[in-house]
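K.L.:
Sharing a structure with you now.
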Amino acid sequence: MSKKTLIVVGNGMVGHHFLEQFCASPAAADFEIIVFGEEKQLAYDRVHLSEYFGGSSHADLAMGTLEWYTEQGIQLHLNEQVTGINRENRTLETPRGSYRYDELVLATGSYPFVPPIKGNDRPHCLVYRTLDDLDAIRASSEGARTGVVVGGGLLGLEAANALKSLGLEAHVVEFAPRLMPVQLDADGGALLRHKIEELGVQVHTEKATTAITEGEDARLRMNFSDESFLETDLIVFSAGIRPQDALARASGLEIGERGGIVIDNHCTTSDPHVHAIGECALWEQKIFGLVAPGYTMARTLSSALNGDRDTAFTGADMSTKLKLLGVDVGSIGDAHAQTPGARNIRFNDEQAGHYRRMVISEDGKTLLGAILVGDNSHYDTLLQYALNGITLPENPETLILPESQGGAPALGPDALPETASICSCHNVTKGDICGAIDAGCSDLGSVKAETKASTGCGGCTALLKNVVDSELEKRGVEVSKDLCEHFPYSRQELFHLVKVNGIRTFRTLISQHGKGHGCDICKPAVASILATCWNEHILATDHVPLQDTNDTFMANMQKNGTYSIVPRIPGGEITPDKLIVLGEVAKEYDLYTKITGGQRVDLFGATLSQLPEIWEKLIAAGFETGHAYGKSLRTVKSCVGNTWCRYGVQDSVGMAIRLEDRYKGLRAPHKVKMAVSGCTRECAEAQSKDFGVIATENGWNLYVCGNGGMRPRHADLFATDLSDEELIRTIDRVVMFYVRTADRLQRTSVWMENLEGGLEYLKQVVLEDSLGIGAELEEHMEGIVGTYQCEWKTAVEDPEKRKRFREFVNAPSQCDPVQEWTVERGQRRPVLESA
Amino acid sequence: MKPRTRWEAVCTVDDLVPESGIAVWTEEGPVAVFYLPHRLPALFAISHTDPFSGANVLARGITGDLKGEPVVASPLYKQHFSLLTGVCLEDDTVRVKTYPVLLDGNQIRLEVRANQRESIAA
């Protein structure tokens, strides 16, 4: 029997997903498959389009590869537009030829709606949907200062983000009285607007554009119906989408009144041999403008073409969770409470910028919908309640209240029924995940590979991990705490082995307690332990090969293989003479110079062989290493304190310098930051540090285990009104206890959260000496303080150690050929590889 | 036809650092030479250029073994490269060039392509 022909028109996300499904099904063997794509590129991820300006390329966004299409035997015609369908002969036409089909799939997607405004066809009036559109926007942004997005919906805000990442002053013009009118209510819209305006995007609501004319101060002027106007250099229309149904319309297929190719529950059109999926399809008078329903249609159609008439498309959940310009927004189910009798519970914290609304049924038992702005951490739990009809707790408001006000913790994975949908993009339920685990998947990676869960939009990643961890635990799979394949111990256990047995080299430790030769996980961890226990120079011959390059060469490697240098500036206090030396050295070696967040100066672009010469000069001027490369104390930030400030109550600079000099060089599981503020105004931001000290009338308050960066955490108040000596003794104990008991690469914040008993336990150990180790911890710290040496001073004075800094050992004058430079804002920086 | 090669002396034993790498300059460009004294053979040479960043840094990575295979971890983005085959363990479509290396008296020699002039002379 000769094969039949299946033609797919459209190579977008949904078209591609259909091919993936269909090619893996038995019916694929009966068909030759031909695919037509209007765009030049293979299907790519439109959901993350704005990342294109953040440095992603088509390759990053691509859904599949040419190799995959070849392997499947698919005839792929990109950049070839289908111009007509003849349903009677079952053929379709393109400028290059005529093709016969047995089954035809239309996955033509949608096109951006451009409102009929006079002047909307002027140059620099653009749309936002394809990579070509983005290239056009980028080209138009050359020489432009401002950009306007028409449309304040989901896509409009994405487009505004794109304009912002191109460096334009971005405006959003919306016809409705609020942003995202479909998903949000008045309060949610107002909060979103406030947050977005704080980010520098100007929002104009209730504006109807009447005409676009030539601008006076910019390229274009938008005239509004209220007589006001706005000048801008480019305009992006993002006022909604319209189904791309022109082909179907011309061929006489049934089309909805307001557009869209009419389909039945099996995604078949009014012609039994023509099918439609995705945004071009109209099901029960509804168009679905999200990717997940499109994927569901693709799966339904693939089943139907395999003769399965039981699988049907029955509509789709339109809940969405996203980050727009960095602001969390979530909308679930009946967000506008249109169900008769529906009741609302609202939580609105204007101070924190959090808005949450639950829509619940008349009997108070089920969640119908929800709106979240500012914080999506409740989204997963609420979605599970809504989708699975889980009975609400007696006081449903606890689901959206902050924990401090009696809020309930998130719904645990155990509470979810087997039918709970975990990944809506790939339609994976909790039952599917349990099935995959029972079939042999034993970690997150293999569950993802097996079920495809969390490989679509990625919104369910955290939930998936929780479900997998919980199910693995239930099956008695122990999550391994081993450091790596060479040591069956945690960092803390290794610390004890080293300390108790007096082990001084990696070789001894691995031969007695491990196996193999080590790796880049265990070697630096052991080096850190050895340094803490014995405080030998990190360039002692035995220790060199254990360190990360930053530790080995005592500088921070940058992307082109050069290093940056951060000399210590204790407490941020520096004399003019030393500042001049930094300037002179930077000038001599043409180093890019930047002030760090920790009140220091970072000098970038030194080659390996320049490092010792540069340090010779810095040391001669009285500088010491700043350990910016090490898992050790970085900086003690301070405000100016009572020596100058009229509000200061203690000498914060003096204390910061004392602390920095005391703890410098100490090796720890991760970097440690400190700060000292001279009064309660907290100008040194001490509460975001591992150790924060704030002056009081009577002494010092100590805060511990705070963090900035990726996972911010406010430090906890640990002790109050301490004298100088009490403060130092307390910090000694906490630091040493952390160094001895934390895991590899565990910051103090995570360490404390994982410590059984948490803050209270830590207080007992340190303040009440409940373990009786207080004196020992202090003594250990005294020993380390006493043996401190500036690693750079030791290194430049030792010819053997200096040999390590040769770029090429056999060619001292050879420059590294890949280090290419350009000048920007008066300083040298590496040439970036072209994207 | 195999291109003509020659054994270029690149450094001496004293330049090597046990359990670690050094970089040398050859006619073919920068090469990383590793000395793992607890293995036999103990010398390995691969390209010094990290294919993921384009930077010449591989000699400055941490060495070790993964499931028995001697490897170096790129100091920039931490991918592991086999010292035997040059293949990247995280992405086997990427590999760096490996070079035959031998100890000749006190000299470390690498087998590199001979340039035109020398191959005629040879």
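Using the three backbone atoms N, Cα and C, a Cβ is placed for every residue, glycine included.
In case it's useful when we look at the structure, here is the feature table from TrEMBL:
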BINDING   A:Cys639, A:Cys645, A:Cys679, A:Cys683  [4Fe-4S] cluster binding site
BINDING   A:Cys683  siroheme binding site
DOMAIN    A:5-286  domain 'FAD/NAD(P)-binding'
DOMAIN    A:319-384  domain 'NADH-rubredoxin oxidoreductase C-terminal'
DOMAIN    A:422-468  domain 'BFD-like [2Fe-2S]-binding'
DOMAIN    A:558-620  domain 'Nitrite/Sulfite reductase ferredoxin-like'
DOMAIN    A:630-768  domain 'Nitrite/sulphite reductase 4Fe-4S'
K.L.:
Which has the fewest other Cβ atoms within 10 Å: A:Cys639, A:Cys645, A:Cys679, the binding-site residues listed?
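P.N.:
Counting other Cβ atoms within 10 Å of each of the binding-site residues A:Cys639, A:Cys645, A:Cys679 gives the minimum at A:Cys645.
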K.L.:
Quick check: which same-chain residues outside A:Cys639, A:Cys645, A:Cys679, A:Cys683 lie with their CB within 8 A of the centre of the [4Fe-4S] cluster site CB atoms?
P.N.:
A:Val640, A:Gly641, A:Tyr647, A:Gly648, A:Ser652, A:Ser677, A:Gly678, A:Arg681, A:Glu682, A:Ala684
K.L.:
Across all the protein chains here, work out how many other Cβ atoms are within 10 Å of the Cβ of A:Cys683 ([4Fe-4S] cluster binding site).
P.N.:
18
K.L.:
If you average pLDDT over the domain 'FAD/NAD(P)-binding' (A:5-286), what do you get?
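P.N.:
Per the prediction, mean pLDDT sits at 90 for the domain 'FAD/NAD(P)-binding' (A:5-286).
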K.L.:
Please list the DSSP helix, strand and coil residue counts for the domain 'Nitrite/Sulfite reductase ferredoxin-like' (A:558-620).
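P.N.:
Split by secondary structure, the domain 'Nitrite/Sulfite reductase ferredoxin-like' (A:558-620) comes out as 28 helix, 14 strand, 21 coil.
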